[in-house]
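Copied over from TrEMBL, here are the features:
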| type | residues | note |
| --- | --- | --- |
| BINDING | A:C27, A:C207, A:H232, A:E236 | Zn(2+) binding site |
| MOTIF | A:264-268 | motif ''KMSKS' region' |
| DOMAIN | A:359-429 | domain 'Cysteinyl-tRNA synthetase class Ia DALR' |
| COILED | A:433-460 | coiled coil |
Amino acid sequence: MKIYNTLTRKKETFVPLEEGHARLYVCGITSYDYCHIGHARSALVFDMVVRYLRYHGYRVTFVRNFTDIDDKIIARAAEQGVDSKQLAERFIDEFYTDMDALGALRADIEPKATEHIQEMIELVQDLIEKGLAYPSGGDVYYRVRRFTTYGTLSGRKLEDMQAGARIDVNEQKEDPMDFVLWKGAKPGEPKWASPWGEGRPGWHIECSAMSRKYLGASFDIHGGGKDLIFPHHENELAQSVGANDCSFANLWMHHGFVTIKDEKMSKSLGNFLTIRDVLREYPAETLRLFIFSTQYRNPLDFSETALQDAQVGLDRMYDCLAGITGLVQAADTGSGGVDAGISVIGQKDRKKIESLRQRFETAMDNDFNTAQAMGHLFDGVKVLNKACRLLDSQQAAVEDLELLQQAGVTLQELAGLLGVLQQDPMQYLQEKKDNLLASISLSEEEINNLIEDRNAAREKKDWDASDAVRDKLLTHNVELHDGPYGTTWDVKA
RNA sequence: GGCGACGUAGCCAAGCGGUAAGGCAGAGGUCUGCAAAACCUUUAUUCAGCGGUUCAAAUCCGCUCGUCGCCUCCA
């Protein structure tokens with residue numbers, strides 16, 4: 001499989017350092033607020049990556065950190081008059097609540113910065129010994145110009161950056177581009193003892209220290225949002241390579257942003273929706289389908305319409321699975337194992353059904369092209385629906401039923417790699433109906449009574465009366481469907 | 001100012017040198033007393049524009065226009 005590497009700006013064949021074992025480190029959240037849809041994308045993208053690597057047969061060690069000490073946490077805690085540690089803990093809990101609601105897998109190791117102060121101090125000491133860092137006025141800084149390849153990951157030169165310098169002038173630094181590894185404590189701030197006095201870690205050092213501890217100096221994949229490329233990942237790279245004298249992450253994966261009206265969703269712009277905001281309106285699987293409708297590196301524009309489209313698509317997939325289940329059940333109770341009928345599924349459609357897994361994998365192997373992979377899934381749905389329709393109207397051949405049943409299982413398995421289509425289809429559709437029913441002013445019994453009245457009128461061919469009932473129900477968003485086996489109803493969304 | 005990404009049907013989105021996947025919406029059809037729902041079929045001579053390379057370009061190169069991002073905390 002191929003993965004796009006930010007470092008080389010190319011898709012590269014994925015070959016883990018240790019055979020059969022993929023080690024990956026993803027930058028997690030800074031816990032001072034509820035997570036928004038951008039965080040959901042990050043979590044779900046790497047959730048999909050991990051699931052797919054495991055599907056491919058790799059043993060995966062997935063590390064994702066929590067930044068539980070930093071300026072924003074301290075500021076927010078001060079604002080609310082609470083302890084910064086408690087604030088961080090609280091939003092880690094909220095993060096888990098959201099992740100569980102999204103059905104995202106837990107990382108194998110979820111280290112917190114504050115629990116690795118010692119490791120960070122050791123790393124900073126390594127850097128000082130190598131001449132790559134220097135203490136200054138209670139702080140410790142990284143000597144950027146000493147790391148000759150600085151800027152490789154983000155593709156920028158030190159000179160270029162100075163041109164547009166929005167860098168704060170800091171008297172303590174030898175060079176304005178130097179970044180802080182350790183910050184001396186200001187009065188009232190959380191602090192830890194260190195060889196340079198009391199203080200706290202800079203932002204970037206935690207990831208270098210924790211990845212080294214849990215994955216080793218070199219590992220396979222380092223991931224995060226595109227906004228982390230500079231300065232966070234560039235600095236991590238400088239720290240780790242500088243301290244360990246060996247390559248750091250082999251491959252850097254960065255996902256695109258979630259936008260609203262083509263602008264980046266962010267706290268500072270105030271144009272964000274939290275995960276729980278969205279999950280109040282749509283099921284998690286709908287959100288996942290939406291997120292995977294675009295390849296992970298491209299921007300993803302959030303809108304009500306896009307979510308509704310995803311919802312319709314998800315329902316269609318479940319309808320298809322329910323159709324297969326219904327057909328198989330009918331056949332079981334019907335002909336009782338007697339091979340009725342001849343195959344009606346054409347050669348071309350059979351081939352499409354049988355190649356579904358192959359096509360899905362080819363798309364996913366190409367830098368996790370979930371958009372294309374989903375296209376194949378929907379294409380499968382189309383062919384399966386067609387087959388269901390054909391079988392429904394005649395005696396089903398055993399081989400056809402088996403093909404459909406198997407295809408349904410495959411469809412659900414593959415969709416599961418994206419975390420969708422994981423519910424029992426019958427139950428999903430029933431729940432949807434129940435939820436909608438709860439939102440209208442009629443009970444199921446009242447609806448059924450009205451349907452009986454209407455059917456009585458229809459017997460007498462009193463179309464005016466029957467249509468009146470239908471219209472009345474429609475004002476309550478109840479739609480009637482007259483089928484060969486009687487009248488069923490649904491609630492309009 | 002520096003660096004980078006993107007621009008494909010009404011909307012979303014794949015394709016990245018061999019002649020336009022898929023989804024939503026729309027249209028036609030099957031079904032129906034009429035509907036609805038469901039399902040089927042269908043919808044881009046063309047890929048922002050202009051040049052160039054090539055037997056062949058949405059795909060490669062150059063320029064122009066437009067949108068967005070990073071360079072400051074950010075997923």
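Heads up, the Cβ atoms here are built off N, Cα and C, so glycines get one too.
Those same-chain residues not listed among A:C27, A:C207, A:H232, A:E236 yet with C-beta within 8 angstroms of the centroid of the Zn(2+) site C-beta atoms are A:W203, A:H204, A:E206, A:S208, A:H222, A:G224, A:L228, A:H233, A:N235.
Of all the binding-site residues listed here (A:H232, A:E236), it is A:H232 whose C-beta has the fewest other C-beta atoms within 10 angstroms.
In terms of DSSP secondary structure, the motif ''KMSKS' region' (A:264-268) contains 0 helix, 1 strand, 4 coil. Looking at A:C27, A:C207, the binding-site residues in this record, the fewest other C-beta atoms within 10 angstroms of the C-beta turn up around A:C27.
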